[in-house]
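Step one of this worksheet: look at the structure below.
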Amino acid sequence: MTKRRTPRNEEKGSSGICGGRSWVARKGRRGARRGMRRRGLRGSAAGGRGWRVKVKTRTPRNEERGSSRGSSFAEKERLGPRERKGRWRSGGRRRVRRSGGGLRVRVQCGEAVFVDECGGAASIGGACWITWTNKLQDSETSLSPFPQSVPYFFSSNFSATITPPSSHSLTTTTTMAAGAIFLSILFLLISSSAAASSPESRPQTFIVHVSKSHKPALFSSHRDWYASILPHPSALLYTYSHAAAGFSASLTADQASRLLRTPGILSVVPDQIRHLHTTHTPSFLGLSPSSPLSLNSANGDGVIIGVLDTGIWPLHPSFDDAAFPAAAADKIPAKWRGICESGKDFPAAACNRKLIGARAFYKGYESYRGRPIDETVESKSPKDTEGHGTHTASTAGGSLVTNASLFGYASGDARGLAPSAWIAAYKICWSPGCFDSDILAAFDQAVDDGVDVISLSVGASYAPPYDSDSIAIGAFAAARKGIVVSCSAGNSGPGAYTATNIAPWILTVGASTVDRDFPADVVLGDGSVHAGVSLYGGAGLPEGELLPLVYSADCGSRYCYSGYLDPVKVKGKIVLCDRGGNARVEKGASVKLAGGIGMIMANTDLEGNELLADAHLIPATMVGATEGDKIREYIQSAASPTATIQFRGTVIGEGTSPAPKVASFSSRGPNRVTPEILKPDVIAPGVNILAGWTGAAAPSDLEIDPRRVTFNIISGTSMSCPHVSGLAALLKGAHPDWSPAAIKSAMITTATTVDNAGENIKDLASGKGTTPFVYGAGHVVPNGAVSPGLIYDLNTTDYVSFLCSIGYSASRIAVIFGEPIASDACEHAAALAAGPGDLNYPSFSVVFKPKFDVVTYKRVVKNVGSSVDAVYELKVNAPTNVDVKVSPSTLVFSKESPSLAYEITFSSSVVGFSNAATQSFGFVEWSDGVHKVRSPIAVQWRQGGSVESI
């Protein structure tokens, strides 16, 4: 059987939210219904208050918005209010009929029952039932447990998100009456094979969080205890002792229910699938061997970067240890406890003085498969056969490689941000994605191994509550050990509330452009020239000749789906294809198979004028939405439209558009979970980034592409994250005594909001100026971060106060902490933080609500400048319609007072929210004449019904 590799740049769909639009297979509504029938599902999504269903099979590594994954490529289409007749079967229960429009959800948890338009919440004890009420037919049907799924169980008085184990999800969130708790209900689209068996009897992976102190004394280890409470010891997959407290196991729903009644069990959470969300960039960031940060940090010498990704290609020159003398092996710190895990295609000798550790985590994936990994298709070792992990690792800490390029593009010296740092690779991602149980195991191991920085370009399709987010839980344990955790914000922009990995102890990174272009311009028959970009490296189009030009929508498929273009209309011509639906490079392959000789890919309004260069199989280029509209108009108006493409290589600096700009795909705030914490934190280079690549996959990731390369150019927040991870390694090297919060503070307060032309940073999605909800504090400035002047620091007590302030109980906090906390901890924490905005964060996010038009936050800053007697004066740029007062307005530090506190009060100056803008922005800046410590301010006015803290 031939494996179908899905291209790295395949377009991406969105997670479902109540009342939204549906995604269906490209064959249309009928095809979508057939796909649902195969999964034993009937769904509908009428306008307004309906269900929104995502139909997909696999999420692309370098995701973009706008498509589902797999052999069927999706287009957007709203399902109408027509009735979808069918059955859900669960243990022989009666037929269930659901209709589009007006669905209401009733949640019964124990004795409590709540009903709401799109979800429900409760303090949960016992199993949960769901009732769907069809308001159009006045009918009601109860199902217990969830159809085609499992019941979800939580400890008494413990509230948490219901998270079924699948990447196919439908999400609804609601707010109940006063005192209620928020509940996200994710309904599964289970495969037909799973539907054939009883859901209660089908084992699946659960992550079990425990109170370690409850271990009976008769057991010599926690592992022995865990094995004793499982139905069979072989069910145990992982034990967690560093990144969390507990284990993961393969269990049936009934076994999971019984397990929860065991003393010491805090929660039982189904496994989830997460998905994968660079030579000139060091120069663009101002880094060179003689730059202040490079000199102060010795280029990261002595720092260990742990990269959790698709593994690593050990033979890549970026991981060569020639620059590390034999004595370097003796310099590896004694704290390092990692190993080089061998496999069939990964000998222990694959590691060296640069790549000092490599491991693979696959038990969650194998449990999901129900059988061992097929090693003829996937490598079970740390070896990277996808490319993503090699790219991110070499971006963060790759060694210097001269004469690096992709087909001659971006030629120069390639090196990571911290080229002297050590690399440890942890393979967590497989063909369907990255499983929470494997991610948490990798966190657990990396913390124990002794890494200094963790780089993770992986995330959920939406931001879950912190205590059900394995990445947040693992990152918290790492932060407590002094490890900086840098994560990608996601590629679901430009919509609001799309940022993921948004826990305040995570450094969340968005993506931006650099001042390097790969121009490939379209010249039309009327003489007009339209700017585009491309990395095509083969023979060009006939020089000086204009070729026939057609629009793909007139040839069978607007998105140039493979097999849908009419060869009679395409042969020998250049085809204009619309972006979206399928992989960008696959559009060119489709044109080639239909006999076309060139391709122009045009953005739609969704992508705006964002340009992403790709290594196409045929002469091809990408143009923005504005240029695309002009080309379409020309095709429609010209009697015999013609065109050619002119490839102009690499252009750096002068002659390029101002940079940085925020990528339209970059996920944005406001923070979905806790709006009082500004996310993302910063932006960094993530568009058209050259870095190392695997020798096992083509640069296009198409199976029909025989090309193999040493370096590849790709885009995503997956690329921006390792830039910041490498920067964190440099700062760790320069300031080994700084905490993760201090390193984050240094990046945030020294970030810039202007481009290299001195103008405000713009958003590629709109072409206009952007805001802190899009870029956080701004673009990182490495040489500024090494000497920030002041820092905002945080410790474990601060995070306890924060979690208490958002309503977490002691048992929920214990899940995150990995250990029990005092039952009255929140009573003591209340004196430290009146609300989540009091967390000592280096930015300000303010939420005004009716009758709450004055907000006061407290902050403490520590002087880390060279002068212990520094005096800092205040500058305030208040957001429109907001009065800002700071007390005191002068900070006078001394040897006796290295840390000082201040209060900042925000007052809405608008009478009646209906007349106010929904958002406004500004900043406060402290300066001693040498340092400028800048904190962004983002303000929202909410009138109710918005996403709240969970």
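Glycine too: its Cβ is placed from the backbone N, Cα and C atoms.
Residues annotated as region 'Disordered' in TrEMBL: 1-101, 373-396. The compositional bias 'Basic residues' annotation in TrEMBL covers 24-41, 84-98. Annotated compositional bias 'Basic and acidic residues' per TrEMBL: 74-83, 373-389, in sequence order. Residues or ranges marked as domain 'Inhibitor I9' in TrEMBL: 205-277. Summarising the annotation, TrEMBL assigns domain 'Peptidase S8/S53' to 300-762. Under the heading active site, charge relay system, TrEMBL lists Asp309, His388, Ser718. The feature domain 'PA' is assigned by TrEMBL to 548-631. Look at TrEMBL and you will find 838-939 tagged as domain 'Subtilisin-like protease fibronectin type-III'.
Using a Cβ-Cβ cut-off under 8 Å and counting only residues 6 or more beyond its ends in the same chain, the compositional bias 'Basic and acidic residues' (373-389) has close neighbours at 3, 8, 61-62, 276, 307, 309-314, 341-346, 350, 358-360, 362, 365-366, 425-427, 429-431, 457, 693-694, 696-697, 701, 712, 718.
Secondary structure by DSSP for the domain 'Inhibitor I9' (205-277): 22 helix, 27 strand, 24 coil. Residue environment of His388 (active site, charge relay system) contains 28 other Cβ atoms, counted within 10 Å of its Cβ in all protein chains. Of all Cβ atoms in the shown protein chains, 34 besides its own fall within 10 Å of the Cβ of Ser718 (active site, charge relay system). Distance between Cα atoms for Asp309 (active site, charge relay system) and His388 (active site, charge relay system): 7 Å, as a whole number.
Cα of Ser718 (active site, charge relay system) to Cα of His388 (active site, charge relay system): a span of 8 Å. Its Cβ placed at the centre, Asp309 (active site, charge relay system) has 30 other Cβ atoms within 10 Å. Per DSSP, the domain 'Subtilisin-like protease fibronectin type-III' (838-939) is made up of 4 helix, 60 strand, 38 coil.
The region 'Disordered' (373-396): residue composition by secondary structure is 9 helix, 1 strand, 14 coil, according to DSSP.
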